[in-house]
Amino acid sequence: MINIAGVVSIVLFYVLILAVGIWAGRKKEHGNDSEEEVMLAGRSIGLFVGIFTMTATWVGGGYINGTAEAIYTSGLVWCQAPFGYALSLVFGGIFFANEMRRQGYITMLDPLQDNFGERMGGLLFLPALCGEVFWAAGILAALGATLSVIIDMDHRTSVIFSSCIAVFYTLFGGLYSVAYTDVIQLFCIFIGLWMCIPFAMMDEHVGSLSPSVVDWIGEVDESQRWYYIDYGLLLIFGGIPWQVYFQRVLSSKTAARAQILSYVAAAGCILMAIPPVLIGAIAKATPWNETNYKGPWPLTEQETSMILPMVLQHLTPDFVSFFGLGAVSAAVMSSADSSVLSASSMFARNVYKLIFRQRASEMEIIWVMRVSIIIVGILSTIMALTIPSIYGLWSMCSDLVYCILFPQLLMVVHFKHHCNTYGSLSAYIVAFFVRLSGGEPLLGLPPLIKYPGYKDGQQLFPFRTMAMIMSLLTLIGVSW
């Protein structure tokens, strides 16, 4: 039975975001199709929109669903993403934003290509591209799951429909559309979730939320301490070298403003994590078998990943839940756009133009970018529909971004006279193999090396950070 009211609310929010996306695309100077205008909104993003779009770098569908799920399954202590990403914005602001914006680069790969040559830049594009595509695919997959909960609609239809809308307005307006829909996206998430929280708390089935009654705080085991630190560092420093972040930094009017935006957005990230944290705690205090929820109890892994839509659907009155779910799903849809845009702008500029066609005109680059927006959109959609462990793929890629790209970006921005292409290539290979040697349980990759403290298929040794440091030392040593 397809839920009519649910469909109506979602269609309303989708139309709202589509309209904003198209309206924002018209702010583009007519007839000015330069790279800067489309990829960086003419470097003219104002303070208000800038703060929102910078916060929305990380705060999207995966962020709110994942935070609620982490609270439910392992507690607040293990919910590292909000703090990790907020710190990554702070460190990005301190060490990278000012330098990168002052040099007037267009994408994150520009400084890497300036120093290591075009072809090495093309190699470094691979982990960056995979990260963006899998991130977009993960978002779309989460959306499909959410919508199938609410409106009993086949998730394939909803995923394809959502990605079409996001791709459409991104094609139309470039970064202008992405930035202005981000404002709506954050408003939708914030208001939609806060509206539902009081109703969910007052629901008769929800028990007391005091940590002595319901353990939603969690604890870190002695044996897992290093694993915990490794993961925290991965989020903090692996959250910097993403084109979605630098696309926002480089579109600021001045270098100082890019720094300010990063700091304000870090506070925004923490603020936006409060509602999903509360929702996770509410879910933890609820005996689900007593509500009108019909699935398996205790909840299996498939249900816990949808804990946020479940709270909105089963613990709040209909009209509230439709508003909340409509807002959240529209927001999720709109958070896939920036990844699609950044992957295609890196391809058009750093691969197509600088490697294959140095003499290409601006118009040609823009058309290549438009085609690649469509291709990246299609790729993400196909992955979201076919690969069950999309999250495993994404975490593997973000590991590669941390191990491979972070040391290279750090050296290029701050110590560019101490590194060269030989060092870059060897550091790339070292980081890649050390990271692969640790295995990835979510993808079924067996560990080749069992590091100290290995137990039950889990590496407790901080081997990701080790891979990053080895890569950094290789880069310096070989270059020298």
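Using N, Cα and C of the backbone, Cβ positions are placed for all residues, glycine too.
Curation plays no part in TrEMBL annotations; they are all automatic predictions.
These features come from TrEMBL:
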- 6-24: transmembrane segment (TRANSMEM)
- 45-64: transmembrane segment (TRANSMEM)
- 70-97: transmembrane segment (TRANSMEM)
- 123-151: transmembrane segment (TRANSMEM)
- 157-176: transmembrane segment (TRANSMEM)
- 183-202: transmembrane segment (TRANSMEM)
- 226-246: transmembrane segment (TRANSMEM)
- 258-283: transmembrane segment (TRANSMEM)
- 365-387: transmembrane segment (TRANSMEM)
- 393-413: transmembrane segment (TRANSMEM)
- 425-449: transmembrane segment (TRANSMEM)
- 461-478: transmembrane segment (TRANSMEM)
Which of 45-64, 70-97, 258-283, 365-387, 425-449 shares the most C-beta pairs under 8 angstroms with the transmembrane segment (226-246)? 70-97
What residues in the same chain, six or more past the boundaries of the transmembrane segment (45-64), come closer than 8 Å to it by Cβ-Cβ distance? 81-82, 85, 89, 135, 138-139, 142-143, 146, 175, 178-180, 182-183, 185-186, 189, 193, 239, 242, 244-245, 248, 251-253, 257, 261-262, 264-265, 268-269, 272-273, 275-276, 308, 328-329, 331-336, 338
Quickly jot the same-chain residues contacting the transmembrane segment (183-202) by Cβ under 8 Å, restricted to those at least six beyond its ends, or write none. 13, 16-17, 20, 48-49, 52-53, 55-56, 59-60, 64, 209, 268, 272, 275-276, 278-279, 282, 311-312, 315-317, 320-321, 323-328, 330-331, 334-335
Count the CB pairs under 8 A between the transmembrane segment (365-387) and each of 70-97, 157-176, 258-283, 393-413, 461-478, then give me the winner. 157-176
Between 6-24, 70-97, 461-478, who has the most Cβ pairs under 8 Å to the transmembrane segment (157-176)? 6-24
Two-stretch contact, the transmembrane segment (461-478) and the transmembrane segment (6-24), at least three Cβ pairs under 8 Å: no
Of the stretches 6-24, 258-283, 393-413, which racks up the most C-beta pairs under 8 Å with the transmembrane segment (70-97)? 258-283
Intrachain residues whose Cβ lies under 8 Å of the transmembrane segment (6-24), provided they are six or more past its termini: 147, 150-151, 153, 162, 165, 168-170, 172-173, 176-177, 179-181, 183-185, 188, 322-323, 325-327, 329-330, 333-334, 337
